[in-house]
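Read the structure below first, then the notes.
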Amino acid sequence: MYLLPLPAAARVALRRLGVRGLWDRGLSTADMTKGLVLGIYSKDKDDDVPQFTSAGENFNKLVSGRLREMLNISGPPLKAGKTRTFYGLHQDFPSVVVVGLGKRSAGVDDQENWHEGKENIRAAVAAGCRQVQDLELPSVEVDPCGDAQAAAEGAVLGLYEYDDLKQKKKVAVSAKLHGSGDLEAWEKGVLFASGQNLARQLMESPANEMTPTRFAEVIEKNLKSASSKTEVHIRTKSWIEEQEMGSFLSVAKGSEEPPVFLEIHYTGSPNATEAPLVFVGKGITFDSGGISIKASANMDLMRADMGGAATICSAIVSAAKLNLPINIIGLAPLCENMPSGKANKPGDVVRARNGKTIQVDNTDAEGRLILADALCYAHTFNPKVIINAATLTGAMDVALGSGATGVFTNSSWLWNKLFEASVETGDRVWRMPLFEHYTRQVIDCQLADVNNLGKYRSAGACTAAAFLREFVTHTKWAHLDIAGVMTNKDEIPYLRKGMSGRPTRTLIEFLLRFSKDSS
C-alpha cells in the first residue's frame, strides 16, 4: 500500500489522530516510529528528470521505482527547501519526506559569501525533519545529501525548540544518519549544531531563571562533562573588587542579583603553558537600560543580552568536545542592568581596570562598560588572539540586520580567518570600520578620559567599537557585534523563531581551523 501526499485537511486530521491510525490494516506499532528524509536535486540542463541523491536513488530502487512514480504524479518538481511526504512506501519507514536540495552544482557564492549547496542542505533537511516531528514520529533517518555535516546541522538545528518550561512539549525526535555514509562528518555536524543549541537555550531562558549565577553553573556543568582538560572559576563580587573592575561593578550595583565573573579554561595543547586564545563575551542577563530605561515594547528580548557570553562559552564547550589541541580561555562578566537607588546615573564617572576613567552619559550603553574591564583582564594571559562577542548596539541591527555579524578588527589576518570560517558555516560575518574618525568621537569627553557614547548619534556601532578599542593593546583583536543576529524571525529557514545562538558555529569553525593551522 502507498498513499499520495495528503491534502491540507487530511494532514490536520492526521496530526490530531497520529499517524499510527492510518496503519491499522498494515503495519505494527513497532513500525510506526521512524521517518525517512531523502533529497532530490533540481533538474540540470543535462537531466531528463530531477535526480535523487545516492541514498534517494537506492531507496527508489528498493521500492521498485514507486517513489519516483509518486513524485511525478503528485505535483511539480520540488524547489529548494520544499518538501513532499509519502506514506506506506516501505514497512520500515511509514513516512518518507522528499526534500528539494536545489542544484547539485551549487557551491561557494562569492556574492552571498556562503556555500549555497551547504545552506540548501541545512534548510531542506530541517524542513523534512520538522515534517516527521509534526507526524509525532520519535525518530528519523536522514539522507547525508552529499554533505553529512550540513545535513546533521540542518536536522539538529531545525528540530530544536525551547519548550523547557512548557507542560505540553513537541515530540522529541532523534535524528540519525541514513545508510553507511560519512558518520564522522555527521557526528561533527551534530556537535556543531548542539553547540549552537546550547547558546539558544541560554539566550531563550527567562531572566529570573538564567541569573548570572545560574548561567555560570550551566556552563560549568557542560564544560566539565565535555572534557577533563577544563577548569572553571566562578569569581564573586569580592574578587571583582580586588581586580579593580570599577566599570563592571558600576553596572552590576543597580541589581539585587550578585555579579559573577566567569573564567573558563580549556587546556588542549600538549604544552600547557602555550599562549591561549581568549574569548570574551558580554553577559548582561537582563538589560532594562538602567536609569536610561528602555521602552517597554520588546524589553523581554533583553533576557538574551548575554548572547555574547552564551556564544563564546558554547563554542569553547564544543572545542573541548572536539579535543582541539589548543589552549582557550573564556571570560564572561555577568550581571543585570537595572534601575535602582544604587544604579549608575547619567553623568557618573567610573574607573576601569586599566585606570582609564569613563563618563557614563547613557546607562543603557552598559555592555561596553563591562567588556572594558574584561578586555583589560584578557591581556594578562598573553594571548595569541582576543575575540569578544556582544549584543552591543541597536545600530548594528539597523546597519546589517540579521544578514551577518558585524566584525571590527585591527588585524586583517584575523578578519580573513573569521570570514573563511563563516563561509563554511553559512553564519556570515561582515567587516566594519575601526577608523580614528570614530575614536575621536568617544575621547572628546568633558569629565573623563572616554565617554560611553559617541559625540554624535550617527554610527553607533562604530563608536561602540572605538570605545572598546581604548581598552585593547593587542594587535590581533576582533569585536563581534551580534545584536542584529540575536533573534531569528523567519530569515534563517533551519532555525525556528526565537533566539538564534549565532554565530556559535562560526566561532567553532574558527577554532577548528586555528588548531589545524597551529599543528
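Glycine residues also receive a Cβ, built from the backbone N, Cα and C atoms like all the rest.
Annotated phosphoserine per Swiss-Prot: SER42 (among others), in sequence order. Neighbour count (other Cβ atoms within 10 Å of the Cβ, all protein chains): 19 for SER42 (phosphoserine).
The feature N6-succinyllysine is assigned by Swiss-Prot to LYS45 (among others). For LYS45 (N6-succinyllysine), the Cβ neighbour count at a 10 Å cut-off comes to 4, with all displayed protein chains included.
In sequence order, GLY146 are the residues of the chain that are 6 or more apart from SER54 (phosphoserine) and have a CB within less than 8 Å of its CB. Annotated phosphoserine per Swiss-Prot: SER54 (among others), in sequence order.
The N6-succinyllysine annotation in Swiss-Prot covers LYS61 (among others), and the record cites similarity to another entry as its basis. According to its DSSP assignment, LYS61 (N6-succinyllysine) is helical. The Cβ of LYS61 (N6-succinyllysine) has 12 neighbouring Cβ atoms from other residues within 10 Å, across all protein chains displayed.
Residue environment of LYS103 (N6-succinyllysine) contains 14 other Cβ atoms, counted within 10 Å of its Cβ in all protein chains. Look at Swiss-Prot and you will find LYS103 (among others) tagged as N6-succinyllysine, backed by similarity to another entry.
Annotation comment: Swiss-Prot describes SER180 (among others) as phosphoserine. Sequence-distant contacts of SER180 (phosphoserine), defined by Cβ-Cβ distance under 8 angstroms and a gap of at least six in the same chain, do not exist.
Annotation note: SER194 (phosphoserine) sits in a helical segment as assigned by DSSP. All protein chains shown were included, and the count of other CB atoms within 10 Å of the CB of SER194 (phosphoserine) stands at 19. Per Swiss-Prot, the feature phosphoserine maps to SER194 (among others).
Spatially close to LEU202 (Zn(2+) 3 binding site) yet at least six residues away along the chain are MET210, PHE215, VAL218, MET306, ALA309, ALA310, CYS313, SER314, judged by Cβ distances under 8 angstroms. The feature Zn(2+) 3 binding site is assigned by Swiss-Prot to LEU202, MET203, ARG303.
Within the same chain, no residue at least six positions away from LYS221 (N6-succinyllysine) has a Cβ under 8 Å of its Cβ. Per Swiss-Prot, N6-succinyllysine is recorded for LYS221 (among others), and the stated evidence type is similarity to another entry.
The annotation N6-acetyllysine is assigned in Swiss-Prot to LYS221 (among others).
Within the same chain, no residue at least six positions away from SER238 (phosphoserine) has a Cβ under 8 Å of its Cβ. The phosphoserine annotation in Swiss-Prot covers SER238 (among others) and rests on similarity to another entry.
Summarising the annotation, Swiss-Prot assigns substrate binding site to LYS282, ASP287, SER292, LYS294, ASP305, ASP364 and lists similarity to another entry as the type of evidence. Around SER292 (substrate binding site), taking its Cβ as the centre, 19 other Cβ atoms fall within 10 Å, counting all chains. According to DSSP, SER292 (substrate binding site) sits in a coil region rather than a helix or strand.
According to Swiss-Prot, the Zn(2+) 2 binding site annotation covers LYS282, ASP287, ASP305, GLU366. Around the Cβ of ASP305 (substrate binding site), 27 further Cβ atoms fall within 10 Å across all displayed protein chains.
DSSP assigns GLU366 (Zn(2+) 2 binding site) to coil, not to a helix or a strand. Sequence-distant neighbours of GLU366 (Zn(2+) 2 binding site) (same chain, 6+ residues apart, CB-CB distance under 8 A): VAL251, ILE284, ASP287, GLY290, ASN337, ASN344. Per Swiss-Prot, Mg(2+) binding site is recorded for ASP287, ASP364, GLU366, and the stated evidence type is similarity to another entry.
Taken from Swiss-Prot, the feature Zn(2+) 1 binding site applies to ASP287, ASP364, GLU366.
The annotation active site is assigned in Swiss-Prot to LYS294 (among others) on the grounds of similarity to another entry.
When the CA atoms are compared, the recorded positions lying within 10 A of ARG368 (active site) are LYS282, out of the candidates LYS61, LYS282, LYS489. Inclusion criterion for the recorded positions LYS61, SER194, LYS282, LYS294, LYS476, LYS489: a C-alpha placed within 10 angstroms of the C-alpha of MET203 (Zn(2+) 3 binding site); this criterion is met by none of them. Of all the recorded positions given, namely LYS282, LYS294, ARG368, LYS476, LYS489, the one with the smallest number of surrounding CB atoms inside 10 A is LYS489. Distance from the CA of ASP305 (substrate binding site) to the CA of SER42 (phosphoserine) is 41 Å. Within 10 Å of its Cβ, the residue among the binding-site residues ASP287, ASP364 with the fewest other Cβ atoms is ASP364. When the recorded positions ARG303, LYS455 are compared by the number of other CB atoms within 10 angstroms of each CB, LYS455 has the fewest. In the three-state DSSP assignment, the secondary structure recorded for LEU202 (Zn(2+) 3 binding site) is helix.
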